[in-house]
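Presented below is the structure to which this report refers.
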Amino acid sequence: MSTTIDVPESNNVAKEKVLLLGARPRPGGWKKGVAIMDFILRLGAIAAAPGAAATMGTSDQTLPFFTQFFQFEASYDSFTTFQFFVITMALVAGYLVLSLPFSIVVIIRPHAVGPRLFLIILDTVFLTLATASGASAAAIVYLAHNGNQDSNWLAICNQFGDFCAQTSGAVVSSLVSVVIFVLLIVMSALALRRN
């Protein structure tokens, strides 16, 4: 004599579907990786911006010969464009240091929109300042290297080689910080997307 026990089908299938829908992981885990990369890029820009300001601010060369009335000297403070460059890159460096706590908040809370929006707005403002100062200094450095035949401006880099090397290095460093700012803005814009 064998006994059979009939077990009715349970409704666990419907319950499992509901649990699966409710237990979905939150999308956008990649935003934390973007926030970490943002912090690392800010550290790189912190190295580039004050490096540019310090290099330009210390650029000075005096030629070894002089006359009774004249001494031939090239210094960053002889050019108002270079003064603008030093002040602007120092401001950019200060902003980058002050933006680090906000970048850390974005790492801790990658889905927070407020700090990321604040950073993208100020990054755009300081990108504009860094681009303006870098481009204007690049124009003066170009004139120092090549001169301008139409205006009878002579190239001074043949005589002031060290000065021109320092100013060129400062311009390159500022343009590195500009590229980093562009990357920061693009990454923040991607992270602000809803998907």
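Note that Cβ sites are derived from N, Cα and C of the backbone, with glycine treated the same way.
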Look up the topology recorded in Swiss-Prot and say whether Pro110 and Ser168 end up on a common side of the membrane.
no
Are there residues at least 6 beyond the ends of the transmembrane segment (170-190) whose Cβ is under 8 Å from a Cβ of it, and what are they?
34, 37-38, 41-42, 44-45, 48-49, 51-53, 55-56, 59, 85, 89, 92, 116, 119-120, 123-124, 126-127, 130-131, 133-134, 137-138, 141
Looking at the topological domain 'Extracellular' (138-169) alone, can you tell me the average pLDDT?
85
Same-chain residues near the topological domain 'Cytoplasmic' (108-116), Cβ under 8 Å, at least 6 residues beyond its ends:
26, 28-29, 31-32, 34-35, 102, 188, 191-192
